[in-house]
Every structure is written in C-alpha cells, then in structure tokens.
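Below are the structure tokens for one structure; questions will follow.
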Amino acid sequence: MDGAPASLSSINHHKHSNIMSKKAKIVRIVAPDHFCPWGLKALDLLRRRGFDIEDEHLESSEENKKYKEENGYDETPQVWIEGKHIGTYDDLREHFGLGPDPKEGDTYQPVIAVFAVAFAMALTTCWAMEGSSLEILRVAELFIAISMCVLGILKLQDLKSFATGFVQYDLLAQRYVPYSNVYPVIEAGAGALMIAGLFTWVAAPLALIVSTIGAISVFKAVYIEKRDLKCACVGGGSSVPLGFISLTENLLMMVMSIWMIVKQFL
C-alpha cells in the first residue's frame, strides 16, 4: 500500500519532466527595418504548445540574407524541434496538424464581419431612436442599407483592384468596363439615401437594376459555368469565394429596393 503513492508520484514526475524537456529553436529576423510577423506567429505557436524555446534573432536584413544563403533556406523563420529541422511557419503548422494559416485560402470572414457589424449598427440605431419598442422591419431596412454602405466603402478604398475582380464575372462590366468604377458609388450612395428615406424614386430603381444584374452574373458564373472565382463584394484582392454569399448580397439589395419602391405607394 505504501509503495503505490510513491509509484504514482514517480510516474507524474516522469510525465512532468517529459513536458518540461520539450526543446525548440527558432531563427527569425528582428530588425529595426523589418519585423517578421511569421516569426512571431511561429514563436507564439511554440509557446502555446509548451516548448522551452531558444529564440535566435537576425538583427538586420543583410544578416537575414546571409543566413539564408549560407544555409540554403528560401525564407525565415526556421524552426527546429528536439534538434529536428521542421522548417518555416507553414511547415510548423503542418507539423502540428493545423493546416494552412487561417488567413490563407478561401474565407468568408470579411463578409460575416460586415453583416455582423451592420446588424449591430441597425439594432443600436433603432434602439437609440425608438427605445425598447423596436420595429423589426425598420431594423431590417437599416441592416441592408448599412451593409450596402459598408460594402461600397470597401470597394471604393481600392477601386482599381475591385474593378479587376468585378469584370471577371459581372455581365454589364464585361460589356462596359467603366461600369465597374460606378457600381460601388451606386451601392454606397443608394444605401445612404435609403437610410434617410431620401430620393427613394432614384435610389431604389438604381439599386434594383445593379443588384439584379449582379445576381444574374453571379448565378451564371458560379452555378452555370462552374467558374472558381474570388468575389469582389468586399473589395479587390479578397479571399472570399464567389458563390452563395455574393448572390445573397445582390438578393438583399434587390429585396430592399423592391420594398422601398412598394413602400412609396402604401
């Protein structure tokens, strides 16, 4: 009986020693003119895995270049675990079975962020104006209108990049390229006017036309032609795949436009 606790203690001590003995080394550039984010990410990943880390810094771009040339590496950081060379940050993620960096490859995060913030803004705006007696219909109106404004801003921040992506699938932009520069202005402008209920007779029909063309274009490119494209809905250069989310953006604009037109006659 006396031996059992001692044996258990010995096992626990052995496990603890194994955990504490995990060693890793990382070589990364930390210079006044260059701070590598991938090196910091690799360091953080090792720390969260409980490694005892030897963190070696390359203190200039010249030192970094020399290190890569002398050792035959294409990039830094370089990581070793228990003396075994793992490689770069991407290699380290693969070693831990994590796959590519979440920011690489297709993602819907930008669109989800836009819709979530737009909904929160619509909800809080209605609350500020009407108190606890929220009108669901007004919240929905503001949500769509604010979403249009935010999406328009994202497109306008890099108009050339947006236009490059947009002309790849929009049917009207393919026939008349300058339309790709006008679309974000129409989207953001119509959204702003719809928030205030101003010039609905102009804003709603314009939004209906561009959103209908957009919906048809997305449906044709994705579901008929089966093309693998990136969506320009949150601006150019995004990793949002063209598909259901893009179609939803256009359908929401269509619904909002039709409702605003019908509302004028109620």
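Cβ coordinates come from backbone N, Cα and C, glycine included.
Model, not experiment: these values are computed from the prediction.
Grabbed the feature section from TrEMBL, which reads as follows:
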DOMAIN    34-86  domain 'Glutaredoxin'
DOMAIN    136-262  domain 'Methylamine utilisation protein MauE'
TRANSMEM  108-129  transmembrane segment
TRANSMEM  136-154  transmembrane segment
TRANSMEM  192-219  transmembrane segment
TRANSMEM  240-262  transmembrane segment
Same chain only, please: residues at least 6 beyond the ends of the transmembrane segment (108-129) with a C-beta under 8 Å from a C-beta of the stretch. Say none if there are none.
135, 138-143, 146-147, 150-151, 154, 231, 233-234, 238, 240-241, 245, 249
Using DSSP, what is the helix/strand/coil residue split across the domain 'Methylamine utilisation protein MauE' (136-262)?
96 helix, 2 strand, 29 coil
Quick one: DSSP breakdown of the domain 'Glutaredoxin' (34-86) into helix, strand and coil?
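Reading the DSSP string over the domain 'Glutaredoxin' (34-86) gives 23 helix, 16 strand, 14 coil.
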